[in-house]
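If you look up Swiss-Prot, you'll see GLY38, GLU53, GLU56, GLU57 marked as Mg(2+) binding site. Taken from Swiss-Prot, the feature domain 'Nudix hydrolase' applies to 1-129. What Swiss-Prot records for 38-59 is motif 'Nudix box'.
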Amino acid sequence: MPQLATICYIDNGKELLMLHRNKKPNDVHEGKWIGVGGKLERGETPQECAAREILEETGLKAKPVLKGVITFPEFTPDLDWYTYVFKVTEFEGDLIDCNEGTLEWVPYDEVLSKPTWEGDHTFVEWLLEDKPFFSAKFVYDGDKLLDTQVDFYE
């Protein structure tokens, strides 16, 4: 069964806005630092979902730009996650408290030292290096990354 979702990394030119997932009980992302995002709602485009999730979780009005798509086979029981990856450099507003965790601006050189999903290191580097649009697959067994495949499109 497929689950469609977005993940968004907001970039202020020297830092990424990261979400430390430390507030939701029974959270598959508990304790990890990730971008903001969430599941697509019925009738919603990935772009609309990304903008809505950014506003709901951060209070920022943003213009997300699609940078890639990642497939996570059986990331949660019986669900393959298809995640649209966005980068944001145009945004306005003030941060709000997020009910899913703590928001923090993290300098580029500290992003990869935060506890995160192993595969996130890979695609966050692609975002920071401004790699071309990508289609990737990250295969996990629990927290362990087993396999990565990627195609870049010029």
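Heads up, the Cβ atoms here are built off N, Cα and C, so glycines get one too.
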Taking the mean position of the Cβ atoms of GLY38, GLU53, GLU56, GLU57 as the Mg(2+) site, which residues outside that list, in the same chain, have a Cβ no more than 8 Å away, listed in sequence order? VAL36, GLY37, ARG52, ILE54, LEU55, THR58, GLU100
Average the per-residue pLDDT over the domain 'Nudix hydrolase' (1-129) and send me the rounded value. 91
When a 10 Å sphere is centred on the Cβ of GLU56 (Mg(2+) binding site), how many other Cβ atoms does it contain? 14
How many other Cβ atoms sit within 10 Å of the Cβ of GLU53 (Mg(2+) binding site)? 24
For GLU57 (Mg(2+) binding site), what is the tally of other C-beta atoms lying within 10 angstroms of its C-beta? 23
Check GLU57 (Mg(2+) binding site) against DSSP and tell me helix, strand or coil, would you? helix
Reduce the DSSP letter at GLY38 (Mg(2+) binding site) to three states and note it down. strand
